[in-house]
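Engineer: The annotation active site is assigned in Swiss-Prot to D62. Per Swiss-Prot, the feature ATP binding site maps to K33, G34, G35, V36, G37, K38, T39, T40, E244, N271; the stated evidence is sequence analysis. Positions annotated as Zn(2+) binding site by Swiss-Prot: C282, C285.
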Amino acid sequence: MSSAVVHSDDLMEPTLQSVVNQKTLRWIFVGGKGGVGKTTTSCSLAIQLAKVRKSVLLISTDPAHNLSDAFGQKFGKEARLVDGYTNLSAMEIDPNGSIQDLLASGEGQGDDPLSGMGVGGMMQDLAFSIPGVDEAMSFAEVLKQVKSLSYEVIVFDTAPTGHTLRFLQFPTVLEKALAKLSQLSSQFGPMLNSILGSRGGLPGGQNIDELLQKMESLRETISEVNSQFKDADLTTFVCVCIAEFLSLYETERMIQELTSYNIDTHAIVVNQLLFPKQSSECEQCNARRKMQKKYLEQIEELYEDFNVVRMPLLVEEVRGKEKLEKFSDMLVNPYVPPEGN
């Protein structure tokens, strides 16, 4: 375990080549604890995919939005080409976008005749008191947009562990919100009709119907895509970690949760590994390498049927096209430490 040299008796190739080669994949998620090199890995994987796919879209759902920093190029909520590539695009979206912004994006919505009385706002507040409904609708809106863009493969640079798997619960969240809104609409509908009728406003509480239609449309989108997420031919999840206790613990928890949702995961990227020379007198380097070796052995034992990719700790930050491309090469060509290690 002191090096990343491939042996002929290895059961699983220690690279992400199998992910790159799987042409049926449509959705690839890259996730892990904060600070483990998740964004670098997702950018580098997208670069490799761009070599073999017609069109690749890289999406950051991490509020920190590190894609712009990684490529040295500003990205926003609209997909744009990455400088130097003709088939790799990127976008950064806010998964916690305002629910009011989402509803305002509906077609043909004018001024809300209920807003002056606060009734519409009250019903929205009641419906959106369900935990996670803001995030669920934002994510659904992104998926709806992504589906219409027709990219061959989409790579998600996800938020740190803990937020990563929330999307799996979104269909249930939206169904709860829909049920609550429907109940409110049936209860208050007659009252709203009489109020609106006397004011000469829109008939039948139209803004509530629009809200229900909007949420139903998003729920259908997210339910459809979630079914694709559970198809191993279409979706896989790449875990990123470092060889330390907390990161390994988070990775194990994440893999168990992915498995419980029937989402394929068979690749782990272990970043920031030290390979000190045998003659090295750096006590800290040797001590840290010893610790990393212990956790690498645990990873090997726990995930013997996974592609475990070992990536070295680099002396410089991986930022910019050139450095990302070098890093990406190591995802498909196993890193071999210099002689004497």
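Yeah, the Cβs are placed from backbone N, Cα and C, and that goes for glycine too.
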Engineer: Using the residues the record lists for ATP (K33, G34, G35, V36, G37, K38, T39, T40, E244, N271), what whole-number Å value is the largest Cα to Cα distance?
Structural biologist: 19
Engineer: For the recorded positions D62, E244, which Cβ has the most other Cβ atoms within 10 Å, all shown protein chains included?
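Structural biologist: Going through D62, E244 one by one, the largest Cβ count within 10 Å is at D62.
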Engineer: Within 10 Å of the Cβ of G37 (ATP binding site), how many other Cβ atoms can you find? Include all protein chains, please.
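Structural biologist: I count 22 other Cβ atoms within 10 Å of it.
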Engineer: Compute the C-alpha separation of C285 (Zn(2+) binding site) from G35 (ATP binding site), stating it in Å without decimals.
Structural biologist: 20
Engineer: Among the binding-site residues G37, T39, E244, report those whose Cα falls within 10 Å of that of C282 (Zn(2+) binding site); none is a fine answer.
Structural biologist: none
Engineer: Could you state the whole-number distance in Å separating the C-alpha atoms of G37 (ATP binding site) and D62 (active site)?
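Structural biologist: Between the alpha carbons of G37 (ATP binding site) and D62 (active site) there are 13 Å.
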Engineer: Filter the binding-site residues K33, G35, E244 down to those whose C-alpha lies within 10 angstroms of the C-alpha of the residue listed as 'active site'; answer none if the list is empty.
Structural biologist: none
